[in-house]
Structure formats: C-alpha cells, structure tokens
Amino acid sequence: MIKLNNITKIFELPNKKLTALDNVSLNIEKGQICGVIGASGAGKSTLIRCVNLLEKPTSGSVIVDGVELTKLSDRELVLARRQIGMIFQHFNLLSSRTVFENVALPLELESESKAKIQEKITALLDLVGLSEKRDAYPSNLSGGQKQRVAIARALASDPKVLLCDEATSALDPATTQSILQLLKEINRTLGITILLITHEMEVVKQICDQVAVIDQGRLVEQGTVGEIFANPKTELAQEFIRSTFHISLPDEYLENLTDTPKHSKAYPIIKFEFTGRSVDAPLLSQASKKFGVELSILTSQIDYAGGVKFGYTIAEVEGDEDAITQTKVYLMENNVRVEVLGYVQ
C-alpha cells in the first residue's frame, strides 16, 4: 500500500545543507498499522510528510496504492491526496464551525450533495463516538474529543491510508489510550492502512503490527513488533523498549548503592533483560545451581508486544567473584542482557 524507495530529503539552509532523510526505504502492506519511532529531530515528521508530498523528497520515489506520487502533475496529486487522510499533534479545527461542520469541510470542498454529507458525517461521528457533540464548538471540547473530530474529518473522503503525526503526544495517558483504541478499531472495521510516527514505544507496543526505528535521518531497524521486541539489534531500539518499563530499586538499596565494591562482602545488583525465548527458560535458577550463586530478586516485570514476551529482573547476586563472572557470561551466552547497576555493602 505504501512504498518509500530510497527517500532522501535535503533542506537548503542559508549557510548549509541539512539532510533530514538519508536513503530511507519502507514498505507497508495494505491493512497494516506501522509505527515509525525516533527521538526528536530524527526525521520522523519529515518522513511522514513525504508520503503525501507535503514535503517533496529530494530524491527517491513515493508509491501509494500502486500510484507513484512523485510523478504526478499538481492536479493529479490533489486527487491522489484524497486517498490519504492525515491527523496531527495539534487538531487544527475551525473555531467558528461546529463539530459536524468541521468534519463536513472536506466533502463541502468536493461539492458533495447535502444529503450525502448528512449521511456520511452522521456515520463518522457515530464511529468516533461524538454523535452527541455534533452541534458543539471546539472551545467546548476536551483534547481527546478534538482529536476525534480531526480523525473523523480525515476519514471523510474515504481514504485508504491514514497518516498520524504524533497524534497522541499532546494528550494525557487515559485519553491517549482511548485514541489508540479508536485507531485500532478504525483499522479493523475499515481496513485502512495506518502509518503513525511517535517517540513513545508504548504507542507502538499497543497497536502496531510493524515498526521502523529512525535515527538522524536513517532507518536503522525495522520489522514486526514481535521481531523488534524479541531481538532488538540496535542500542536505540533497546532504549525504546526499556522505556516501556517502570521498575526501580527499593529505597533501602538505592541509598546504599555504590559504583564499585568497597569490600569483599559487597555484592553486585544486576539487571537482567529477557526477550523472546529467554523469558520462559529458567535461566536464573539454572545459573544459580550451575555456579553456586544465590540470587535474591528485588523486582521483576514481564510484558507482551506483538505476541512476544519480554521483561526485566533486578537481583542481588551473592557468591565469589569468579562464580558471579561465570554467571554473567552464561546468561549473556543465552541472549540475556546483563547490566551491573552497582554494589551493596
């Protein structure tokens, strides 16, 4: 449905050239939800704006539903864009128009009949859960309701693709959840292909089928959500996955934690990161028996994404230095990421 082939975008600044995208290729199948994740300034917004040519690539091709947009005339591009809806972080609603009138605007611009507009917009407001707000004005809506209006407006022309540019980043956590569930329902019921960009791995984990990681304008990793969570190949992907966990040491340990052991009875506090098959394997108990170390688990958390389990365990590891070293090596050989957080006396 969406094919980006070798997309490069260079901005000409007064004193230099800025490469926002560097030879990016991405393929999204029909009906998929794909998330592009990256830090601020990584090139995410530029990438998504290249899909409907709000930003024209310096080089490369953009193909949507079999049509190469980069080869269309201005008139042809206007028509092709009707198949591509888009929502933004900011809702861009017209304050002087009601909810119904805001959603109806694209159909009015296409000179649709009043009867068709009435039928279509009524159905869309029902879909996004705003039937009772049809005559309300944006000033009387919450942030989540405003985004629902924007989503309905983006769907008014029956697009095959929906682009979401940081659509939940201005919303509180509870509202974010409701918008993500709405997008997932729209994908399921309408079969619409969704490309969203975000800096939050939690968003990707909840609704995406596919994920691409972008860093400094380059696509550094991509695959299904399950593949990326089970076996992240880049440090950036690992950082994003870790950000979905909220685990910490008990205060008693934090107060006594040191970077280096102060004496022979100072034992390491180690964080073990499990993904894929290593989650279910009894590796910690095996290591304990094999090398004669004792592991006192301080905190642990397991989660799912894309049908794959992943998680962390933080433990105090007691034993002689050689045994602890062998334990760490053994676990790393079995695809467990090992990080010494410090030592307790």
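Cβ atoms here come from the backbone N, Cα and C positions, even for glycine.
Annotation source Swiss-Prot lists ATP binding site at G38, A39, S40, G41, A42, G43, K44, S45, citing sequence analysis. Annotation source Swiss-Prot lists domain 'ABC transporter' at 2-241.
Here the features listed in Swiss-Prot are placed on the structure.
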residue	record	contacts (Cβ under 8 Å, 6+ apart)
G38	ATP binding site	K44, I197, H199, V213, I214, D215, L236
A39	ATP binding site	H199, D215, L236
S40	ATP binding site	H199
G41	ATP binding site	none
A42	ATP binding site	I214, D215, Q216, G217
G43	ATP binding site	K9, A20, L21, V24, I214, Q216, G217, R218
S45	ATP binding site	D165, E166, I197
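Averaged over the domain 'ABC transporter' (2-241), the predicted model has a pLDDT of 94. Sitting within 8 Å of the Cβ centre of G38, A39, S40, G41, A42, G43, K44, S45, and not among those site residues for ATP, are the Cβ atoms of H199, I214.
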